[in-house]
Every structure is written in C-alpha cells, then in structure tokens.
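First up is the structure itself, then whatever we jot down about it.
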C-alpha cells in the first residue's frame with residue numbers, strides 16, 4: 001500500500017514541477033490509485049489524462065475495468081470497455097478475462113459467455129484463466145453438464161486442468177449432490193498428475209461428509225496421509241462429518257489422530273464437537289470438551305459460548321445461560337447479537353414475551369444493536385402468544401430505530417392480525433408490503449385465507465385464493481386446510497373443485513385435508529365418496545385418525561349401515577385408537593335415530609364402563625326409547641347410574657353433540 005502511495009506522491013510532485021506526464025506515467029498513477037482502493041481517484045486521473053491530450057493505452061483501460069469489476073460495477077466497466085473500442089484500441093486477453101470475471105461475479109453468466117464468443121471473433125486466444133473463470137461460474141450455478149462441455153473445449157484448446165480447475169469442479173459436483181462424480185474426478189486428476197493440495201482435498205472430503213459418506217472421506221484421508229501432510233482444515237472436515245452423522249466416538253478418534261500427527265486441534269475443532277453435544281442435549285459432555293479445550297491451550301470463543309447458551313436454552317436451563325453471559329464478559333469476550341438472540345428466541349417460543357423483552361433491553365443497554373432477526377422473533381413470538389399489542393409495539397420500535405422490515409416481519413404480524421380477526425388491518429398490511437417493494441409470498445396469503453376462514457367469510461377466502469394463483473404463487477397443502485374446511489359449508493361441489501385443483505398442482509393432500517373432505521361429503525350424504533377418499537388415504541400411506549373414523553361412522557349410522565359402523569369401530573380399536581365420548585355419542589345418537597334403542601344401550605354400556613357419559617339430552621332420549629321398547633330395567637339402570645354420577649339437566653361430562661364430531 002505504501003508503494004502505491006509513493007507512486008501517487010511522485011506523480012503529484014511531477015505535475016507541480018510543471019512536467020507533462022506521458023501515457024506510461026499516467027498509467028502507473030491510475031494503477032496506483034486503483035490498487036490502493038481509491039477508484040474515484042483513479043477515474044479522476046483517467047479523465048485528467050484525456051483532457052491533457054494524452055492518449056490512454058490498453059493497460060490504462062484494463063486497470064480501470066479491473067477496479068470497476070472488483071467493486072461489481074459491471075455497467076460502468078462496460079462503458080469503459082465501449083470507450084476503449086471508440087479509441088480504436090484492441091482489447092487483449094487481460095481485458096476479456098477481467099470483464100468475463102466481472103460478469104461472473106455478478107451472476108451474469110450468459111453475458112460472460114457472450115464475451116467469450118466475441119474473443120473468438122476478434123481472434124483473441126483464451127488462457128486457462130478464461131476457462132477457469134467460466135467453469136467457476138457454471139459450477140456455482142450448478143450447471144454441471146455445461147461445465148463438462150466447457151472442460152472438453154478447454155482440453156481441445158491445449159489447456160490441461162490445474163489445481164484451480166480440479167477444485168472448482170469438485171466443489172460444483174459436491175454441491176450438486178454428485179459425490180460419486182466428484183470422487184471419480186478427484187481420482188482422475190491424481191492419475192493425470194495434477195498437483196492436489198489440502199484445499200482441493202478438503203473440498204472433496206466436505207462434499208462426501210455432506211452426503212453422509214464419512215467413512216469414505218476417512219479412507220481418502222488415509223491415502224492423503226501417505227502423499228502429503230494434511231492440515232487442520234482437512235482433519236476438521238472429517239471431524240465435522242462424523243458430528244453431522246452423530247458418530248461422536250469416531251469424531252473424537254479423528255481429533256486424537258490429528259494430535260498424533262503433530263497438529264493442534266483449534267477452536268473450530270472443539271466448537272464442532274461442543275455444538276453437536278449441545279444439539280444432542282448432552283450438556284455434561286459439552287462442558288467436558290470446554291475443559292479439554294482450555295487444557296489444550298485453546299481459548300473458548302464467542303461462538304463457543306453462543307453454542308453453549310443455545311444448548312442450555314433448548315434445555316430451558318436459563319440460569320446457566322445467564323451465568324455463561326457473565327462468564328463471557330469476565331473473560332473479556334463481548335456477547336453479541338447471537339448470544340442474546342438465542343435466549344430471546346427460546347423465550348419467544350415458550351410464549352415468555354416479558355422475559356424475551358428483558359433480554360432485549362439488557363442487550364441494548366450493553367451496546368449490542370438489535371437487528372431485523374431479533375425483532376422478527378419478538379413479533380412472531382408475541383403473535384403466537386396472542387399478544388398482538390406487544391407485536392405492534394415491537395413493530396413500531398423497529399420503525400423508530402430504522403431497522404429494515406423483511407417479508408418475515410410482515411408475515412409474522414399478518415399472522416397475528418388474522419388470528420385476532422383484524423382483517424381490515426391485515427389488508428392494510430398487505431398493501432404496505434407491496435408499497436415497500438416486497439412481494440407477498442405463500443405464507444402471506446395463507447395467513448389471510450386462514451383469517452377469513454375463521455371469520456366465516458367464504459367469498460373472501462376464495463378471492464384471496466384466486467389472487468394468490470394469479471400472482472403466480474403456488475399454494476401449499478396448508479393453503480387448503482382452512483379453505484376446504486370453510487368452503488365445505490357452501491356445498492360439496494366447490495370443495496370437490498378445490499380438491500381437484502390440488503391434484504392438478506401435484507400437491508398430495510395430507511390427513512387434515514382428507515378429514516375435511518370426508519366430513520364434507522358425509523354431510524352431503526355421499527357416504528360412498530367418503531369411503532373412496534378413505535381408500536385413497538390408505539393407498540397413500542396416510543394413517544386415518546379418530547376424526548377420520550368419526551366422520552365415516554357418522555355417515556354409516558345416518559344411512560342405517562350399522563354393521564359397517566361396527567366394523568369401523570373394530571378397525572379403530574385394532575389400530576390402537578381409544579374410543580372417546582364423541583365416537584360413542586355418534587353411535588348412541590345414530591342408533592337412537594334408527595329406533596334401535598337396545599343397540600344404543602349396548603354402546604352406552606361400553607361407554608359407561610370406560611368412565612364416560614353422553615350429554616343429558618342424549619340420555620333422556622335413550623331412556624324414553626328404552627321405555628317405549630319395554631326395556632324398563634335398562635332404562636332404570638341408566639337413570640340410577642346418572643344419579644350416582646350426579647348428572648342433571650344443566651351438566652354434561654363433555655360437549656358431545658354430533659355437530660362437534662370433527663372439532
């Protein structure tokens with residue numbers, strides 16, 4: 001850096017002495033300014049050069065284009081390139097490689113390849129840098145097929161893959177989930193004599209570990225140990241891999257192996273083990289490794305403490321969390337937003353908004369600034385706890401503190417407003433989302449649909465659903481939960497239409513959707529359709545629950561199909577679903593409606609023996625029916641049992657009306 005400052009100082013002195021700099025001097029001055037990070041100064045010198053009548057050369061243009069590309073100012077770099085062409089200066093290999101790299105940095109891969117095509121037309125020979133840059137862009141975009149085509153072209157142009165090429169392709173294949181391809185490419189590169197270093201090897205090992213093939217990764221590590229000296233990064237990769245699959249004994253054995261090779265485990269090594277033990281809620285083991293860490297002369301980092309705080313937070317051992325915060329400060333480590341955020345998040349998930357806010361205030365008092373994520377936790381937690389006023393207060397606080405909102409912020413608040421039935425405010429918030437330049441997503445619309453469904457506004461549910469589809473947002477299965485449930489009140493035709501749309505979108509209905517559909521068609525008297533939906537459920541390995549059976553039993557007893565109803569009850573019991581008051585009440589009510597009071601009494605007996613009772617209205621109906629059939633003894637037993645239980649006209653053991661069959 002001092003070298004560049006010296007060049008600029010000498011250039012300024014030359015100008016002050018009245019000397020007229022030539023192209024070479026201007027070029028070096030522009031380069032010094034750009035290399036020192038002062039692109040503005042470099043541009044000013046470039047303009048001064050032209051206004052002084054000194055003709056720029058390709059070198060000067062390349063330097064300026066390089067500086068602009070480094071700052072991702074690709075449009076400005078294009079303008080400089082165009083100006084270069086107007087000066088009738090022929091772009092060289094460096095020019096093209098620099099611009100290609102600039103396009104790749106901003107993700108404009110097609111433009112980069114367009115420039116490669118222009119190189120061909122201008123007969124500018126590519127270099128291995130050209131190919132490696134383009135390969136890197138394709139691999140980052142996971143366009144591995146095109147990368148292989150480009151690799152072939154590279155070889156045809158006489159360039160053999162180097163270490164960078166190998167690393168780039170390994171990374172692309174690994175991140176694309178092609179561990180087998182990465183392994184094959186790695187072995188090919190070695191057999192072709194490509195020099196493989198620790199960095200390249202760690203890319204392959206990391207990819208294998210991500211796929212869970214840690215033992216294969218360790219096998220490669222063993223081979224590596226015979227060819228080169230693996231560094232801490234390589235060993236840490238394997239340690240991390242075993243931690244990912246939960247094999248802590250193997251992870252620890254790699255740490256020991258690392259030490260036998262004369263390498264010291266670092267904070268990354270220890271943090272990896274501690275993080276996994278915390279995730280497994282083995283806090284004693286985590287604490288033990290903190291002690292080991294200190295014994296080995298490695299100081300715990302902020303990340304180490306954050307991991308422990310999160311682990312104890314998951315276990316709700318908050319006193320230890322507070323101790324750790326104090327311990328951090330005592331050791332000169334400043335807790336950061338993650339330290340506090342971990343606790344705030346845990347409190348919010350438990351609905352402890354007051355405790356979460358106390359942590360927020362403590363954090364701010366310590367000079368740690370809250371970010372969007374912190375407020376998102378607080379707003380979402382408040383809404384889930386039904387504390388909308390608190391959520392709105394945190395939202396206002398974000399506004400005053402000029403903390404930017406994200407769609408997550410708006411969606412959390414949207415959920416809170418809709419749950420409280422404040423649908424006008426929810427619609428206002430939807431408009432604000434779009435006014436802020438954000439696009440509502442499926443979560444936004446799902447909240448609104450659910451809100452309108454809870455308010456019984458079927459038409460608005462459908463309007464929001466249609467708006468959502470027109471906006472190009474694909475519904476999720478959760479979209480259909482409130483939609484089908486609410487629209488079932490309007491008739492089975494509309495529900496079937498919506499259900500069919502799910503299939504057209506390749507969405508597989510879940511149990512909630514099937515239960516809503518089955519209840520809807522039963523209410524419409526379409527019991528055969530209900531059973532076909534039940535068969536469809538089972539074919540998709542979706543296990544029916546009590547609500548499924550209740551609807552089917554209700555349909556059967558309404559149509560007088562008592563053997564089928566009894567068979568469903570047997571099926572329920574076989575699946576380990578205990579009959580509750582709602583199922584028994586459906587059966588008793590159904591048998592009473594069919595004037596089979598003896599059958600109803602049989603179900604009453606089973607219900608009573610299981611410690612349950614129907615509501616008083618149903619009991620009265622059953623007693624009257626039994627007496628009509630001349631079953632005075634059964635009627636008397638029922639009355640006596642009700643008397644013993646203390647049931648009168650004003651009390652019920654549960655709300656057991658058939659209308660609540662799927663509530």
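Glycine residues also receive a Cβ, built from the backbone N, Cα and C atoms like all the rest.
Bear in mind that TrEMBL entries carry predicted annotations, made automatically and left uncurated.
Here TrEMBL flags 22-56, 92-126, 127-161, 197-227, 231-265, 266-300, 301-335, 371-405, 441-475, 510-544, 545-579, 580-614 (among others) as repeat 'PPR'.
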Using a Cβ-Cβ cut-off of under 8 Å, list the residues of the same chain that are 6+ residues beyond the ends of the repeat 'PPR' (127-161) and lie near it. 93, 96-97, 100-101, 103-104, 107, 109, 112-113, 116, 119, 168-169, 171-173, 175-176, 178, 181, 189, 192, 194
Report the mean pLDDT of the predicted model across the repeat 'PPR' (231-265), rounded to a whole number. 94
Please indicate, using numbers and ranges, the residues of the same chain that are 6 or more beyond the repeat 'PPR' (22-56) and have a C-beta under 8 Å from a C-beta there. 1, 3-5, 7-8, 11, 14, 63-64, 66-68, 71, 84, 87, 89
Please list, for the repeat 'PPR' (231-265), how many residues fall into helix, strand and coil according to DSSP. 26 helix, 0 strand, 9 coil
Counting only residues 6 or more past its boundaries, what in the same chain has a CB within less than 8 Å of a CB in the repeat 'PPR' (510-544)? 477, 480-481, 484-485, 488, 491-492, 495, 499, 502, 551-552, 554-556, 558-559, 561, 575, 661-662
DSSP says what for the repeat 'PPR' (266-300): how many helix, strand, coil residues? 26 helix, 0 strand, 9 coil
